[in-house]
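Per Swiss-Prot, the features are:
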- Asp13: active site, proton acceptor (ACT_SITE)
- His41: active site, proton donor (ACT_SITE)
- 12-18, 40-42, Arg304, 330-332, 412-414: GTP binding site (BINDING)
- Asp13, Glu14, Gly15, Lys16, Asn38, Ala39, Gly40, His41, Thr128, Arg142, Gln223, Thr238, Arg302: IMP binding site (BINDING)
- Asp13, Gly40: Mg(2+) binding site (BINDING)
- Thr298, Thr299, Thr300, Gly301, Arg302, Pro303, Arg304: substrate binding site (BINDING)
Amino acid sequence: MTSVVVVGTQWGDEGKGKITDFLSADAEVIARYQGGDNAGHTIVIDGKKFKLHLIPSGIFFPQKISVIGNGVVVNPKSLVKELAYLHNEGVTTDNLRISDRAQVILPYHIQLDQLQEDAKGDNKIGTTIKGIGPAYMDKAARVGIRIADLLDKDIFAERLRINLAEKNRLFEKMYDSTPLDFDAIFEEYYAYGQEIKQYVTDTSVILNDALDAGKRVLFEGAQGVMLDIDQGTYPFVTSSNPVAGGVTIGSGVGPSKINKVVGVCKAYTSRVGDGPFPTELFDEVGERIREVGHEYGTTTGRPRRVGWFDSVVMRHSRRVSGITNLSLNSIDVLSGLDTVKICVAYDLDGKRIDYYPANLEQLKRCKPIYEELPGWQEDITGVRSLEELPENARNYVRRVGELVGVRISTFSVGPGREQTNILESVWASI
C-alpha cells in the first residue's frame, strides 16, 4: 500500500490545491477527508485558473478516482453548482465518488452560523458563514442528516421536519429571527440529492480496496493545522481536524495505512479572519507581500493578513501532524526585498520560548524573535532547479528546512504546475 497525506501547516491558503494537483499526477485515487465549501483551492492548468471548494483537486485527472470522504460536510447546493461549473469548462466528473456517510449542510445551518456570529459582536470568530460549524455541531449531537438520508425521501422528510422544528424555535425564541419553510427546503434539497445520487457510495471501501491492491492514494486536507479544532488557535479555528490524523476519521482508512505526510507552507505566512498572528505585518512590506502574492481569500474574497515566516508555528505543525516532507510555496513573492525575516522563537514576558502557547492571553504577549537574511532582487519565476535560484534565495530555502526540521521535497516559484520544482520524489521514497 502507498499513501500520502497533504496538509496545510499554517492557517490555510498555503497552496495545498496546487501541490495536491502536482502530486496527483502519480496517484491513482485522490481523497478529501474534512471541511466543507468554506475552503477554497485554486489550480492553474495551462495558464487557466480553476477555483474549487468541495470537489478534490484530482478531478482534473479523468482516469483517477476523486473522493469526498465521510469527514466532509457537504452543501448539496454548492456541490451541484460546482459540478455545473466544471461541466461548463469541459471537465468530466464521472470519476467523482461521494461518501454516503458524509454530513449534509442545510439552510438552517447557514442561518444559524450567521446569527451566532452576529451575536458574538467584538468576539466574533471570523467564520465564512457557510454553515460548517453548525453542521459539525449537529453531527456531534447525533441529529445530523447524512448523504444516505438525503437520498431516501421518507427518511429525509422525517429528519428534516424534526430538525427544522427545533431550529425554528431557536431562531424565533432566542434570535428573534425568521423561521424557515419545510416544504421549500425539502423540495430543493431532495432534488439536489437526486442530482448527485450517481456519485454516492461507501468510499471507505473504495479507499481501502485501492490501498490493499497497492495503488497510490493521495489524501487532500483543507484549511491548515493552525485552524485545527484541537491543535490550532482555539477558538479561532475551523470545526474539523485538518491535521494528518483527521484522515483516519474522515476517510475510514486506518492509521497503519498512512505512509507519508507532506506539509505545505508558504515562504511567508497569511491568515484570513480573526485570531492570533505573532508575525503579522502592518507596514508597507506587508502590503507589498499581500499585493504581489494576491492574498485575497478564494472563498470570501477578504484581504488576507500577512506576516513573516514563523518557524515556531511550523515546528508545532510538524509535531502534531507527523510531517515527513515539506513543500515550500510562493518564494517568488519575496523577490525584491532587501532583507527577509524568519521568526525563530518568541519572547514571552522577557523569556525566550520555542513553543506555541495554548493560552491566547500569553500568545498576545508573544513578540517574535527574528533572524534576518539578505534578500534577492532577481525574478525567479522561471527557475526550474534549486541551483538556478539566486544564492540568497537558495540560502533562505535551506534555512527554512533547518529551522522546521523537515526536508524540503518541493519548492514553488509561481502558481503554475511547471513552476513546482522537485528536490525529492515523495512517492519514490515510500
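In case you wondered, yes, glycine gets a Cβ from its N, Cα and C as well.
When the Cα of Thr300 (substrate binding site) is compared against those of the binding-site residues Asn38, Gln223, Ile331, the shortest separation belongs to Asn38. Between the CA atoms of Thr42 (GTP binding site) and the residue listed as 'active site, proton acceptor' there is a gap of 9 Å. Nearest in space to Gly15 (GTP binding site), taking C-alpha to C-alpha distance over the binding-site residues Asn38, Thr128, Gln223, is Gln223. Here is what falls inside 10 Å of the CA of Arg304 (substrate binding site) among the recorded positions Asp13, Lys18, His41, Thr128, Val413: Asp13.
Within 10 Å of the Cα of Lys18 (GTP binding site), the following recorded positions from the list Asn38, Gly40, His41 place their own Cα: His41.
Annotation note: Thr42 (GTP binding site) sits in a strand segment as assigned by DSSP. Comparing C-alpha positions, Asn38 (IMP binding site) sits nearest to Asp13 among the recorded positions Asp13, Ile331, Val413. Candidate recorded positions: Gly40, His41, Gly301. Nearest to Val413 (GTP binding site) by Cα distance: His41. Between the C-alpha atoms of Thr128 (IMP binding site) and Gly301 (substrate binding site), the distance comes to 10 Å. There are 28 other Cβ atoms within 10 Å of the Cβ belonging to Gln223 (IMP binding site).
Shown are the binding-site residues Gly12, Gly15, Gly40, Pro303; of these, the residue with the fewest other Cβ atoms within 10 Å is Pro303. Pro303 (substrate binding site) falls within a strand segment according to DSSP. Around Lys18 (GTP binding site), taking its Cβ as the centre, 25 other Cβ atoms fall within 10 Å, counting all chains.
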